[in-house]
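Everything below concerns the one structure shown next.
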Amino acid sequence: MITSAAGIISLLDEEEPQLKEFALHKLNAVVNDFWAEISESVDKIEVLYEDEGFRSRQFAALVASKVFYHLGAFEESLNYALGAGDLFNVNDNSEYVETIIAKCIDHYTKQCVENADLPEGEKKPIDQRLEGIVNKMFQRCLDDHKYKQAIGIALETRRLDVFEKTILESNDVPGMLAYSLKLCMSLMQNKQFRNKVLRVLVKIYMNLEKPDFINVCQCLIFLDDPQAVSDILEKLVKEDNLLMAYQICFDLYESASQQFLSSVIQNLRTVGTPIASVPGSTNTGTVPGSEKDSDPMETEEKTASAVAGKTPDASPEPKDQTLKMIKILSGEMAIELHLQFLIRNNNTDLMILKNTKDAVRNSVCHTATVIANSFMHCGTTSDQFLRDNLEWLARATNWAKFTATASLGVIHKGHEKEALQLMATYLPKDTSPGSAYQEGGGLYALGLIHANHGGDIIDYLLNQLKNASNDIVRHGGSLGLGLAAMGTARQDVYDLLKTNLYQDDAVTGEAAGLALGLVMLGSKNAQAIEDMVGYAQETQHEKILRGLAVGIALVMYGRMEEADALIESLCRDKDPILRRSGMYTVAMAYCGSGNNKAIRRLLHVAVSDVNDDVRRAAVESLGFILFRTPEQCPSVVSLLSESYNPHVRYGAAMALGICCAGTGNKEAINLLEPMTNDPVNYVRQGALIASALIMIQQTEITCPKVNQFRQLYSKVINDKHDDVMAKFGAILAQGILDAGGHNVTISLQSRTGHTHMPSVVGVLVFTQFWFWFPLSHFLSLAYTPTCVIGLNKDLKMPKVQYKSNCKPSTFAYPAPLEVPKEKEKEKVSTAVLSITAKAKKKEKEKEKKEEEKMEVDEAEKKEEKEKKKEPEPNFQLLDNPARVMPAQLKVLSMTETCRYQPFKPLSIGGIIILKDTSEDVEELVEPVAAHGPKIEEEEQEPEPPEPFEYIDD
């Protein structure tokens, strides 16, 4: 056994090259044991490597590399490993090889990423030897079937060629595509590179044996390529694959922005008829109404002459199909279907509201109860509670009246067809001026009904805002207009709101500043930013500044690194409200990206800024960035939740609520629990609201603490000595927990994994209730119906059942509160004589004997009852449209005997097109009527009598 390498090292000084080679081979064998000794002579080994004439210089490099590895000098070790060429065996499982490969990949990745950001002429050449090792690694991954590893490294090193090759060579191409798409959505932080990856994915999806159009369109939404989506839809219609086209349209509406959808609609409209065989005949630009009618006629004539044998009666069909697709893309269909689902399945427990109403004693809690009622009935059109308590409701005055009127917009969310009739009583009239608070609230309500789906109502609100003579009406009008025109970037709307902002009126300006951001949502419009930031730096009104702070952030929604320059300048501003705007801008620009740089910035501000509002906003913003990985949030904010600063604690609570909304995350709830007993009342308020955001729609089985929190809300509300702020939080929490008749959840991403824009905006503006209660209503934008709605080829709901393969109690509605029984008045005990006492004693003994005879029968009956209660089925059949919670989707399937087949997996949920495999007549689900005032009935007057001749006697 060798105890020293000195003898071998001395051979390196020999003249004979063979002896040196022999020494190197021996050293290579013992280097792991004697590296310390060899390191003293490593310069000799280096000299051998540098000697061009030495035959085994690669071997010298390998030995030198191993010595430097043991010394911890990884960079030198990597350089010599590269010099060793093929002698460095990437397939070896030693710690040395693993470490050097990791360093090699890191070094290569760094060079590739640096090169990617440089223009073509300035790119630095990459060491071919380095690339060689990385290529060997890729091959090793493919040989070992470690495809996910290869995809990960390929994306990190920006090697799209390897990325594509890996997917195509894998044994599960659809699985690898889904994995890659998920990586793109959640982990990729560079927008330009992400787009290149998506282009590759689109190419692979399209080249599959059976092209996966649904996923292609998901990629195209990310790429912001509406033209390609329109082309796919046209292609599907031409190929008579209508059901697939409808399914894609529903998915697009759920995931894409309004601008994207309107471009697709525009392209579909300007195509004439999809049958036209002339390639490239798509005319762009808006076609005026008169020409539109004549246009298709020309194309029909052309096709008739060009394509012989085409039947003329086939031409109107595609037009009808295109109209249906436009109806779906515009959101009209989805909104109608969700409204039907929410009305049909409304399961609100009015007892909760009644108890709260009886317990509240001041105007703040009165407003909170009105808001909670609107949350509980969001989209159900049921204003039963308000009708039953008109006298109580009438106590709302001034801005409370504004909030109460606007709450009708939340209750009737999506009830667009009768919106103007429903709200007629509250809207501004030409004849007599009504209450300004009521009219402003009415306009705000119209915006809430049509949020992110304005259509014709935008022009109505535009005119109302133009003609408004009162700052309160202008406030409501601006909010309503901002909501209805959300993300449209319409210039006329922007100009009118800007005019209202420049009037320098605090009340109008606050709403106008926020509305400007809503209209320009995610547009990154330089002019809008310049106008808004410029005015924010000039104005003296804090209210206007507050509105603009959120508005500026909204303009940068989803823009990621493109917003960095603006964020930098806002964060350096001396005005704390603009610094707060910087925090919101980080939240909006990087929402859902999990970007480390953004998180670091927010955490730094959270502990270093001198202003409490800025620190609170910074911590809240963490929730928006981390919502794709809610399990990470508790560890990020756990220390902040114990901060000495109550504003930071409040921010931590809200961040947990935003990030883990609807998940029932146990760690988050464990962090919030002690905060519900915080010595500072507004921290308790935040903890109560956040707990409801997390536990919305959770049951005792999915989240054991839900009932404990329900009781806590009730305790806080009914405690006469508790603080108003905590009570406000508890009342709102009750409303959030049972929102939408127990049929909605809150989720910041769509079912397909895209960031859900209305939800993000709704939650951000909701957090501003800290300054302005009426903004609480914005949370209704984030409510997503938890449903599976199956549709047939005519886009009607057929009668069909889904099978939920778990016990019904797992996802059941919570049991309603019991009406407390009235206590009987205690009777005063009367004096009893000794004789009567004896007589009663005898009677009792008689009864006892009789009871003993009866006992056996009754005991048997009791046992029977218990037996009946015991067995709970392991599955449940749900009727279409079905309430299916996100966690329940995994166990959902069609029944075995079902005649319908879904076009995409039921586990995704939402609106699903069903293919009918039977020729029998379909049974359809009857639509239900919406609630609310029925104005039409009142307007029907009796017909005038028949004309007759009046003869005077």
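In case you wondered, yes, glycine gets a Cβ from its N, Cα and C as well.
Quick look at what Swiss-Prot lists:
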- M1: N-acetylmethionine (MOD_RES)
- T273: phosphothreonine (MOD_RES)
- 277-319: region 'Disordered' (REGION)
- S290: phosphoserine (MOD_RES)
- K310: N6-acetyllysine (MOD_RES)
- T311: phosphothreonine (MOD_RES)
- S315: phosphoserine (MOD_RES)
- 441-474: repeat 'PC 2' (REPEAT)
- 581-616: repeat 'PC 6' (REPEAT)
- 651-685: repeat 'PC 8' (REPEAT)
- 686-726: repeat 'PC 9' (REPEAT)
- K720: N6-acetyllysine (MOD_RES)
- T830: phosphothreonine (MOD_RES)
- S834: phosphoserine (MOD_RES)
- 839-881: region 'Disordered' (REGION)
- 930-953: region 'Disordered' (REGION)
- 936-953: compositional bias 'Acidic residues' (COMPBIAS)
Cβ atoms near S834 (phosphoserine) (within 10 Å, other residues, all chains): 7
Neighbourhood of K720 (N6-acetyllysine) by C-beta distance under 8 A, where only residues 6 or more apart in the same chain count: R361
DSSP-assigned states of the repeat 'PC 6' (581-616) in counts, ordered helix, strand, coil: 27 helix, 0 strand, 9 coil
Helix-strand-coil residue split for the repeat 'PC 9' (686-726), DSSP-based: 26 helix, 0 strand, 15 coil
For the repeat 'PC 2' (441-474), residues assigned helix / strand / coil by DSSP: 24 helix, 0 strand, 10 coil
